[in-house]
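As annotated by TrEMBL, domain 'Lactate/malate dehydrogenase N-terminal' applies to 5-147. Annotation source TrEMBL lists NAD(+) binding site at Gly10, Ala11, Ser12, Gly13, Gly14, Ile15, Gly16, Asp36, Asn96, Ile119, Ser120, Asn121, Met230. The substrate binding site annotation in TrEMBL covers Arg83, Arg89, Asn121, Arg155. Annotated domain 'Lactate/malate dehydrogenase C-terminal' per TrEMBL: 149-312, in sequence order. Residues annotated as active site, proton acceptor in TrEMBL: His179.
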Amino acid sequence: QNNAKVAVLGASGGIGQPLSLLLKNSPLVSRLNLYDIAHTPGVAADLSHIETRANVKGFLGPEQLPECLKGCNVVVIPAGVPRKPGMTRDDLFNTNASIVATLTSACAKHCPEAMICIISNPVNSTIPITSEVFKKHSVYNPNRIFGVTTLDIVRANTFVAELKGLDPARVNVPVIGGHAGKTIIPLISQCTPKVDFPQDQLEKLTGRIQEAGTEVVKAKAGAGSATLSMAYAGARFVFSLVDAMNGKEGVIECAFVRSEETESPYFSTPLLLGKNGIEKNLGIGKISPFEEKMVAEAMSELKASIKKGEEFAKNFK
């Protein structure tokens with residue numbers, strides 16, 4: 001059953017290369033198609049020497065994109081420009097919105113049934129763009145389009161584990177909402193194992209999870225944003241999705257998707273994954289008053305980012 005055909009669009013970039021390495025290393029992947037506008041033949045040649053079964057092929061430039069996508073079950077899109085110090089994720093909008101609209105348009109034409117996993121920021125806008133593009137091509141299925149927010153969960157797990165002296169691999173903090181600043185809402189009250197923090201420490205921890213991306217952007221001092229941890233998180237999400245597509249039961253990941261759980265038309269919550277993508281949206285569940293307040297405060301920013309994405313897609317030719 002482990003015959004996933006995966007395409008990475010933006011495979012030569014800072015996230016794309018380590019992500020492709022992790023995918024090549026997995027026994028779940030039988031075919032790995034790498035696409036970018038530069039360097040993909042080299043990246044593909046390099047990875048193809050690794051002694052795992054995934055068959056790697058590189059595709060270069062728009063004319064080779066259709067061939068790259070044909071027959072793929074999962075498409076992961078980390079393409080776009082990274083953040084620089086002083087930039088918000090929204091500052092990337094104009095460049096990355098066009099890139100995502102172009103690439104997802106090709107997906108809608110050449111692999112309309114594939115699971116689409118979007119990493120390109122701002123995710124709060126690029127997911128609505130992807131949905132609108134798929135609607136335009138009359139192949140929209142909201143259960144197959146995911147904004148990958150897994151890095152927020154990975155960070156929350158790591159930071160909580162550090163503070164409590166736990167093994168991070170055993171910590172699980174759901175993170176809901178969106179994927180930028182205060183729309184990132186870690187549900188520490190739902191952490192397993194159960195943890196307690198005094199309010200001041202809880203606020204500091206929450207702030208750190210929300211601004212962790214900026215922490216990396218600053219530390220890299222103009223040389224990019226979170227690429228290695230994002231590649232890890234992206235691979236984790238893809239492996240969960242492929243496991244679920246292969247029939248594994250009880251696979252749960254949070255992702256930013258079309259949603260009716262709140263007044264926001266897109267929202268990240270824990271999702272039960274299955275053969276056809278989202279089997280069931282598990283919703284927000286019971287949360288603390290502090291978390292309820294964060295959800296309420298995230299709404300206006302979330303809705304504005306979503307509307308911005310939808311407007312862009314409507315005018316995109």
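Just so you know, glycine gets a Cβ as well, placed from its N, Cα and C.
A map of TrEMBL features onto the structure.
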| residue | record | Cβ within 10 Å |
| --- | --- | --- |
| Gly10 | NAD(+) binding site | 26 |
| Ser12 | NAD(+) binding site | 22 |
| Gly14 | NAD(+) binding site | 19 |
| Gly16 | NAD(+) binding site | 27 |
| Arg83 | substrate binding site | 20 |
| Arg89 | substrate binding site | 23 |
| Asn121 | substrate binding site | 28 |
| Arg155 | substrate binding site | 24 |
| His179 | active site, proton acceptor | 28 |
| Met230 | NAD(+) binding site | 24 |
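DSSP labels the residues of the domain 'Lactate/malate dehydrogenase N-terminal' (5-147) in these numbers: 65 helix, 30 strand, 48 coil. Of all residue pairs in the substrate-binding list (Arg83, Arg89, Asn121, Arg155), the one with the greatest Cα separation is 18 Å apart. Within 8 Å of the centroid defined by the CB atoms of Arg83, Arg89, Asn121, Arg155, the record's substrate site, lie the Cβ atoms of Pro122, His179, Ala180, Gly213, Thr214, Val217, Ser225, Ala226, excluding the listed residues themselves.
Within the same chain, residues at least 6 positions away in sequence whose Cβ sits under 8 Å from that of Asn96 (NAD(+) binding site) are Ala79, Gly80, Val81, Ser120, Asn121, Pro122, Thr126. Note: the Cα of Gly10 (NAD(+) binding site) and the Cα of Arg83 (substrate binding site) are spaced 16 Å from each other. Looking only at the domain 'Lactate/malate dehydrogenase N-terminal' (5-147), the predicted model's pLDDT averages out at 97. Comparing CA positions across the binding-site residues Ser12, Gly14, Gly16, Met230, the one lying closest to Arg155 (substrate binding site) turns out to be Met230.
Cα to Cα, Ser12 (NAD(+) binding site) and Arg83 (substrate binding site) are separated by 17 Å.
Taking only the Cα positions, the spacing between Gly14 (NAD(+) binding site) and Arg83 (substrate binding site) is 12 angstrom. Taking all protein chains in view, 28 other C-beta atoms sit within 10 angstroms of the C-beta of Ser120 (NAD(+) binding site). Cα of Arg83 (substrate binding site) to Cα of the residue listed as 'active site, proton acceptor': a span of 14 Å. In space, His179 is the closest of the recorded positions Gly16, His179, Met230 to Arg89 (substrate binding site), judged by Cα positions. For the NAD(+) site listed in the record, the two most distant Cα atoms among Gly10, Ala11, Ser12, Gly13, Gly14, Ile15, Gly16, Asp36, Asn96, Ile119, Ser120, Asn121, Met230 lie 18 Å apart.
Taking the Cα atom of each, His179 (active site, proton acceptor) and Met230 (NAD(+) binding site) are about 13 angstrom apart.
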